Amino acid sequence: MSFPKELEKVLEITKAQNVWRRTQTLNLIASENVMSPLAESVYMSDFMSRYAEGKPYKRYYQGTKYTDEIETLAMDLMNEITNSKDCDLRPTSGTIANAAVFRVLAEPGDKALIAPVQAGAHVSHTKFGTLGALGIQHIEMPFDEENINVDVDKAIKMIEEVKPKFVVLGGSLYLFPHPTKELAPHVHAVGAKLVYDAAHVYGLIEGKVWSSPLKEGADIMTVSTHKTFPGPQGGAIFSDGSEVFKQVSRTIFPWFVSNHHLHRLPATAVTAIEMKYFGESYANQITRNSKALAEALAERGFKVIGENLGYTKSHQVAVDVRQFGGGNKIAKLLEDANIIVNKNLLPYDKPENVSDPSGLRIGVQEMTRYGMKESEMEEIAELFKKVIIDKKDVNKVKKEVIDMRKNFLEVKYTFDDMKDLEKYSSKSLKLII
């Protein structure tokens, strides 16, 4: 029997996606990354067909002995590279991780202080997202415009006056670290907890180019496992032995997660092993690339945010493109040239401008994993200039992008061949390859 037309269409769309995004585009979305072929190989396993409610060795289903093993191993590996004591991999996203933490720390009507939206607070921290859905009142801490960050002195005063149930740091437009160490003592002095959303910078934390929030006073840290940490899409929660973690871990199931998408677990474990051996060099190259791209864009006439601070300390670069038509127009124009970024609110934008903000948010972590370095950041900046400033034919620029990608199709910061793999992996892993 030949394939029905509907099936042919599904296969055609999937193939087109794989060819386009894996081989023909510059993927510069700050919240995305790519797994290694090794991680992808264990992702496609029988685990994706199975259920396992509850914690390892305390399940509500039978048939979970290997799930218990791989989940425990993955948590141990994640704790090792994070230098933490507690890890829970059951949240299926960073937002679910946040929801589980927020719900334990506050009741409807309680108050939470968050980093200013101008300083990059994620939507889940706000009344428009998870906090609002839980009925928790969000109050933004004061913004320091010059440093694109929380205003520490004013925030301390607000913490003392408001006495919130918890304070959230971390963000989605996240160029510079939020002041964890400076605020933690004042948060704890009023009996509150400090939550750090490290979704975007987790790979930089375990790669030791970004300070560990848990070592600076955060009570609990939520992360995504697919941004600067290049694993499968999912979430995780970490702590250094806090009572809050125990409470959250007791309630993730059944409040927010039933089955937790078990095929993530071996892929997360593999990525943790990769980052154990290659994570520091990867994180260092990410930050060198983001700085190089920011400088190259500025040299070509773009208004790059944070010039007085060195532009960025993360994987992200933020660019004001109002003079060229705004973020919405320019993001679409770049996509026509196979350069994939997202429009983004900048610190001085009003929230109601979310559909057509001033800026672009650019992330270098995925193209870094494909092996790009500082010289390629210069080339990328030149491609931006051709599309946006020089107004070159986007189809001609698109051809340049495709030609450029031909040299960057192989995932780096992983085990290159079977000889490398044999040094570090068990016999069971070898059988999968």
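Using the three backbone atoms N, Cα and C, a Cβ is placed for every residue, glycine included.
Positions annotated as (6S)-5,6,7,8-tetrahydrofolate binding site by Swiss-Prot, on the basis of sequence analysis: Ala121, His122, Val123, Glu243. Per Swiss-Prot, N6-(pyridoxal phosphate)lysine is recorded for Lys227. According to Swiss-Prot, the site 'Plays an important role in substrate specificity' annotation covers His226, on the basis of sequence analysis.
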Largest tally of Cβ atoms lying within 10 Å of a Cβ, found at which of the binding-site residues Ala121, Val123: Ala121
Three-class DSSP secondary structure - Lys227 (N6-(pyridoxal phosphate)lysine): coil
Longest CA-CA distance among Ala121, His122, Val123, Glu243, per record bound to (6S)-5,6,7,8-tetrahydrofolate, angstrom: 26
Pairwise Cα distance for His226 (site 'Plays an important role in substrate specificity')/His122 ((6S)-5,6,7,8-tetrahydrofolate binding site) [Å, integer]: 16
